[in-house]
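Trainee: The transmembrane segment feature in TrEMBL is assigned to 12-36, 56-76, 88-107, 127-149, 161-180, 200-220. Per TrEMBL, the feature domain 'Cytochrome b561' maps to 20-221.
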Amino acid sequence: AMDGAPPPTSPTGLSAYVAVSQLLGLTLLATTGAWLGRYRGGVAWHSPLQFNAHPLCMVLGMVFLQGDALLVYRVFRHEAKRSTKALHALLHGLALLIALVGIIAVFESHRTKGIPDMYSLHSWCGMATFVLYLLQWFLGCGFFLFPNASFSLRGWYKPQHIFFGITLFILSIASCLLGITEMLLFKISDSYSHFVPEGILANTLGVLLVAFGLVVSYVLTREEWKRPPLAEELALSMDFKTLTEGESPGG
């Protein structure tokens with residue numbers, strides 16, 4: 001900017017897709033709140049309504065915030081890498097905390113009502129996704145945010161981290177879809193097939209979850225929309241590789 005050069009811009013179409021993803025994300029949160037408030041009595045802790053904190057927290061944490069954490073490297077393309085990493089880890093950590101609240105809510109609700117835990121496909125998939133997501137977060141912090149690993153080891157792990165990041169996001173949405181179906185079958189099994197308003201609203205939430213997942217995944221998989229390394233990052237990377245691997249900057 002000091003030499004009069006124009007400020008860097010985002011690739012064509014990226015901003016539009018990110019905006020659509022945020023609109024979908026806010027809409028699915030509003031739809032979740034409307035479903036729980038209008039048809040399930042709302043949300044309250046240490047009450048018969050405690051269970052309702054579970055779907056709200058899982059949609060907010062494991063879908064919306066996780067999706068936004070994945071988009072950080074596409075949105076903040078020209079900020080310092082260290083700051084971008086910290087924001088990426090912070091959003092994932094916040095998603096984990098909110099999801100943990102949702103898990104506590106469902107276990108406490110089950111215990112109060114005498115309902116058995118961990119017997120359904122939804123609970124198996126959901127708990128596996130949460131545990132793997134927690135492991136992914138710890139590994140990501142260890143390899144990249146507080147790196148003690150060698151350059152070559154970090155280079156090997158990075159594709160695994162990216163792959164499992166997208167995979168866990170998809171699994172989170174799939175677990176939510178299973179949960180929505182399970183909740184509808186428990187609550188309105190007699191009337192669900194008659195296209196009652198609650199069923200239509202919950203199905204709409206499912207469609208919004210899929211749409212949000214598709215848009216975020218599309219942004220993440222567009223090769224030309226990846227965050228370009230800044231000049232100082234390339235220099236630091238080569239210096240780090242030279243110090244840790246004993247290689248010359250020229251390869």
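The backbone N, Cα and C atoms fix where each Cβ goes, and this holds for glycine too.
Because TrEMBL annotations are produced automatically, they should be read as predictions rather than curated entries.
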Trainee: Who are the chain neighbours of the transmembrane segment (127-149) in space, where the CB to CB distance is under 8 Å and they lie at least 6 residues beyond its ends?
Mentor: 62, 66, 85-86, 89, 92-93, 95-96, 99-100, 103, 118, 157-158, 161, 164-165, 168, 171-172, 175
Trainee: When you scan the chain for residues with a C-beta under 8 Å from the transmembrane segment (56-76), skipping those not six or more beyond its ends, what do you find?
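Mentor: For the transmembrane segment (56-76), the nonlocal Cβ contacts are 14, 18, 21-22, 25, 28-29, 32-33, 36, 43, 83-84, 87-88, 91-92, 94-99, 101-102, 105, 126, 129-130, 133, 165-166, 168-169, 172-173, 175-176, 179, 205, 209, 212-213, 216, 219-220, 225-227.
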